[in-house]
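Q: Here it is, the structure in full.
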Amino acid sequence: MSDILILNGRVVDPSSGLDAERDVLLRHGRVAAVEMPGALRVAKAKETIDAKGMIVAPGLVDVHVHLREPGQTYKESIKTGTAAAAAGGFTSVVAMPNTVPVNDTVARLEWMLDAARGACVKLFAMPAATFGSLGEEITDFHQLQRAGAVGFTDDGKPVLVDRVMRAALVAAAGIGVPVSQHAEDTRLTGGCSMNAGPVAFRLGLRGMTVEAESKIVERDVRLLKDIEQHDGLRPHLHVQHVSTAKAMEAIRQAKREGLHVTCEVAPHHFTLTDEAIGEYDTNAKMNPPLRNDADRLAMIAGLMDGTVDCIATDHAPHALFEKEQEFERAPNGITGLETALGLALRVLHKGQGMSISRVIELMSAHPARVVSLDGRGTLRVDSFADVVVFDPAAEWNFEAVKSRSKSRNTPFDGAPMLGRVVATISEGTLVYRG
Amino acid sequence: MKSSEYAAGSLLTVANLSVEDVAAILAATDRLERMAAAERARILAGRRIALLFYESSTRTRTSFELAAKSLGAMTTLVSDKSSSIEKGESLKDTGLTLRALGAECIVLRHANSGAPYLLAKATGLPVLNAGDGMHEHPSQALLDLRTMLARLSGVGGRLVNGKTLDGVTVVITGDILHSRVARSNAMLLPRLGAKVVLCGPKELLPEDALGLGVHGASGCVVIERDFDKALKQAQVVMMLRIQRERLAGLELDLGDYISRYQLDEERLAARSPEALVMHPGPMIRGLEIAGEVADGPNSAIEDQVRHGLAVRTALLVRALGVGGFESVTV
Ligand SMILES: [Zn+2]
């Protein structure tokens, strides 16, 4: 690993409260020095990046991506998915377990994390909370954690049975990792393909109610309290892709009560509403679905007031032929790794006045903390040399055709973005150059 | 609306029709109806129309088929009942196959809402939506409109514009939730000035239905749960079939429904003796509508069928860009 010197940039590192012009030296895959401009001029580096006018930040961390390998590499592979991550400024991604087969054993987890898969940024994984993600019997959390699991989830589905979810929370609490929950009461959403409301009525589509999401969050919070009371443990619930004001309020309340609850919001949920479905555009079909504007604004409020811990993409690639189906039959999900920063800066920074430092915190330091990635999401000396350099003023339009992902299923094709990634460095290696 | 993605002459939703389009379609319907049969049969002579029916529908299919044949077109029926829809083949690929076989227009009935958009986009052919899922049935709304214009006193002579149905209240009663006919009518009629009153119990008529109301229209869409109250205002009462197969899971007592929402002679005579009675069919006599009312003097149910055939000739002519529709845009 050769040295990289990043000169003249505005270093924004929320983990150390730094937002000032600094030069940064990366050496042996670590952050070697962060110094006043000019102080590192004498350092010899194989590569020098002039970051004048740019922001130099810790590499972004995404706790929620679908990389489709094993089993569905026609949609995406670990290699292409992490390439898309690098292009989006991400240096750490957490793969969800709904692969084929489901990632629910040590052997599968190790296979996935093996360097032979060709990940170009740091790959982490959350294996399934239950075998086959069937919601019946919890997997071997202990063994899986020793093999690298950073949390457990049945994402794509909820852990519906109270007893099973309780067991998962207890087991995870014992080893200090979160249970990440896809909050959807699937007993209430059968046959539904979008958000319930006037748009669904007009389009003649069955709609998912907001209660289908909030009820599971409320149930999980009850379980947390019960476990704290009766088991003397402090479980960590992470609520995935929150999309409704009701669930957001339940999380806010749980945090007030001092429970260990964290949550994420996806860029599409703070950017779009169900109107984006237009004339049955399956690129606007995802789960949880796009909601109404009040819910969208509640996501922004949660991001602004600190209820939301991090932004996560829920990057979910699908092949064109799968999305080119009747709306109700098309699979859920959109790609998101390459549009997350551009949307966050446009909607939250430019639109809502959120500081850039705070945007970065929500996309690096905080998500790294949610899954306890030591030495990531920070530019402190000795931490991993995971860095993103981006031009915060660049206004551009995303072009799906240029994506590094194998798939093109995004509602943001042609959409305006703010802030453009010019370099992504993962553990000291330049993995993307814009 | 990204209407440019679809071929001119497509009819996917009434929402994409301007009032001028509606006027043109109705004028063409009149023209075609006045024509001698032999002359009409030359209009689409040799043209190929595919009827792609993933859901059975005797009434709509026959209506489109007879309309096409009366214009001299060749039709082919592809239905999921025959073996001609390859199992598992995508709608897009089926559409491309039909196009390759020379189809110039596809009439589509499909169980999934929005399927006609997909087909129109994939093939670039004009597509006529003959009913998609719970979404729309645009040709039905047009034939219903023509039936009203023909039967309502004082309305018949009016020009077709945003005021044609001023002062007319249309009550649509029944299973609005699952009804594509209700959606198309509730979106179309207010644009011509009508007040549309949707009526039914909460299970079959959620408040979200108010979203069908069109901004800037002189007419409006409202909800009235009490059928008797609604009926008192009605110049037209449109009854919808109760789709028993869709009631599973809904807490709806059929006996209670009949007593509150059935249109029977006594109710009609007491509340709105002059109202025009309509039903898109198929109807279940004795459930949503009493047999005497369906056969009575107020009933326009058979007229609807006749107007359906006529309106569909105009829609096919429009789809193929002839007969005054050469420069049609959607
Ligand atoms: Zn999920």
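Each Cβ is built from the backbone N, Cα and C atoms, and glycine gets one as well.
TrEMBL feature annotations, pasted as is:
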- A:54-226: domain 'Dihydroorotase catalytic' (DOMAIN)
- A:H64, A:H66, A:D155, A:D314: Zn(2+) 1 binding site (BINDING)
- A:H66, A:L67, A:R68, A:N98, A:N287, A:H318: substrate binding site (BINDING)
- A:D155, A:H182, A:H241: Zn(2+) 2 binding site (BINDING)
- A:D314: active site (ACT_SITE)
Q: In sequence order, which residues at least six apart in the same chain have a CB under 8 Å from the CB of A:D314 (Zn(2+) 1 binding site)?
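A: The answer is A:H64, A:V65, A:H66, A:Q240, A:H241, A:A266, A:M286, A:G333, A:I334, A:G336.
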Q: When the Cβ positions of the binding-site residues A:H66, A:L67, A:N98, A:D155, A:H318 are compared with the atoms of ligand 1, which fall under 6 Å?
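A: The binding-site residues passing the 6 Å Cβ test are A:D155.
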Q: Can you give me the residues near the recorded Zn(2+) 2 site, meaning same chain, not A:D155, A:H182, A:H241 themselves, Cβ no more than 8 Å from the center of the site's Cβ atoms?
A: A:H64, A:M96, A:T153, A:G156, A:S180, A:Q181, A:A183, A:E184, A:Q240, A:N287, A:P288, A:D314
Q: What binding-site residues among A:L67, A:R68, A:N98, A:D155, A:H318 are found with a C-alpha within 10 angstroms of that of A:H182 (Zn(2+) 2 binding site)?
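A: Passing the 10 Å Cα cut: A:D155.
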Q: Return the count of C-beta atoms lying within 10 angstroms of the C-beta of A:H318 (substrate binding site), excluding that atom itself.
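A: Summing over all protein chains shown, A:H318 (substrate binding site) has 26 other Cβ atoms within 10 Å.
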Q: For the binding-site residues A:H64, A:H66, A:L67, A:N98, A:H182, which one has its C-beta crowded by the most other C-beta atoms within 10 angstroms?
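A: Most Cβ neighbours within 10 Å: A:L67.
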Q: Are there binding-site residues among A:L67, A:N98, A:H318 that sit within 10 Å of A:D155 (Zn(2+) 1 binding site), Cα to Cα? If so, list them; otherwise say none.
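A: The binding-site residues close to A:D155 (Zn(2+) 1 binding site) (Cα within 10 Å), listed in sequence order, are A:N98.
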Q: Summarise the model's confidence over the domain 'Dihydroorotase catalytic' (A:54-226) as a mean pLDDT value.
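A: The answer is 98, the mean pLDDT of the model over that range.
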Q: Please list, in sequence order, every residue of the chain apart from A:H64, A:H66, A:D155, A:D314 whose Cβ lies within 8 Å of the Cβ centroid of the Zn(2+) 1 site.
A: A:V65, A:M96, A:G156, A:Q240, A:H241, A:A312, A:T313, A:H315, A:A316
Q: Below 8 Å Cβ to Cβ and six or more residues apart, same chain only. Which residues does that give for A:N287 (substrate binding site)?
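A: Same-chain residues close to A:N287 (substrate binding site) (Cβ under 8 Å, separated by 6 or more) are A:G156, A:E184, A:M208, A:N332, A:G333.
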Q: Using CB atoms and a 10 A radius, I'd like the single residue among the binding-site residues A:R68, A:H241 with the highest neighbour count.
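A: Sorting the candidates by Cβ neighbours within 10 Å, the top entry is A:R68.
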Q: Over all pairs within A:H66, A:L67, A:R68, A:N98, A:N287, A:H318, the annotated substrate binders, what is the largest Cα to Cα distance, rounded to whole Å?
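A: This binding site's residues have a maximal Cα-Cα distance of 17 Å.
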